[in-house]
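Annotated features, as they stand in Swiss-Prot:
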{"type": "ACT_SITE", "residues": "Glu52", "note": "active site"}
{"type": "ACT_SITE", "residues": "Asp70", "note": "active site"}
{"type": "DISULFID", "residues": "Cys26-Cys141", "note": "disulfide bond"}
{"type": "DISULFID", "residues": "Cys47-Cys131", "note": "disulfide bond"}
{"type": "DISULFID", "residues": "Cys82-Cys98", "note": "disulfide bond"}
{"type": "DISULFID", "residues": "Cys94-Cys112", "note": "disulfide bond"}
{"type": "DOMAIN", "residues": "21-142", "note": "domain 'C-type lysozyme'"}
{"type": "CARBOHYD", "residues": "Asn66", "note": "N-linked glycosylation site"}
{"type": "SIGNAL", "residues": "1-20", "note": "signal peptide"}
Amino acid sequence: MLKLTLTILAAVLLVTPAFGKVYTRCSLAREMHTLGVPKNQLARWTCIAEHESAYNTKAVGSMNSNGSRDYGIFQINNYYWCSPPSGAFSYNECKIKCADFLVDSIEPAVKCAQLVLRQQGWSAWSTWKYCDHTLPSIDDCF
C-alpha cells in the first residue's frame, strides 16, 4: 500500500504545473514603477504582458519556426536575448539565463525588456498590434 501511495504521489508531483506568479494589470504596473519604469510606459507594458503571457512569470511559449522559444511575463526570445536551458546558440544580448525570467521577481525580465525596447522598439513584440492604438488605463492602479 505504501508503494502505491508513493507512486501516486510521485505521479501527481510530476504532472502538477509550476504556475509562477500571476500579476494583475495594476500589480504589474505598480511593481514596474517601483523598478523605475517610466509611468508613461506602464500601460504599454501591461498590455504586452497581458497578450504575451496573461501576466504569468512562468510562461514559456511554444517553439517558434526557427527553434527558439519565448520566456517569462514579456515572452523574451532565447535566440537573441537570453541563454536557453538547452544550451543552444543564443546571442544572449541581456547576458542572462532564460530561466531567470521564470521566477516570481520580474526585475530580470524588466531589465531585459527595457533593452529590447531600446534596441528594437515596441514592435519587437508580435502582440504590439493589440497595444498600438488603444491602451488599458493604469490611472486606477496608483
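Glycine is no exception: its Cβ is also placed from the backbone N, Cα and C atoms.
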Listed recorded positions Cys26, Asp70, Cys131, Cys141; those within 10 A of Cys112 (disulfide bond), CA to CA, turn out to be none
Taking the Cα atoms as reference points, how far is Cys141 (disulfide bond) from Cys131 (disulfide bond) in Å?
18
Using DSSP, break the domain 'C-type lysozyme' (21-142) down into helix, strand and coil residues and give each count.
54 helix, 9 strand, 59 coil
Confidence over the domain 'C-type lysozyme' (21-142), expressed as mean pLDDT on the 0 to 100 scale, is 96
For the disulfide-bonded residues listed here (Cys26, Cys47, Cys82, Cys131), which one has the lowest count of neighbouring CB atoms within 10 Å of its own CB?
Cys26
Just the number: how many Å between the Cα atoms of Cys94 (disulfide bond) and Asp70 (active site)?
14
Could you tell me which of these disulfide-bonded residues, Cys112, Cys141, has the greatest number of Cβ atoms within 10 Å of its own Cβ?
Cys112
Spatial neighbours of Asp70 (active site) that are distant in sequence (at least 6 apart) but have CB under 8 A:
Glu52, Ala59, Val60, Gly61, Asn64, Ile76, Asn77, Asn78
Given the disulfide-bonded residues Cys94, Cys98, and counting only Cβ atoms in the protein chains shown, which has the most within 10 Å of its Cβ?
Cys98
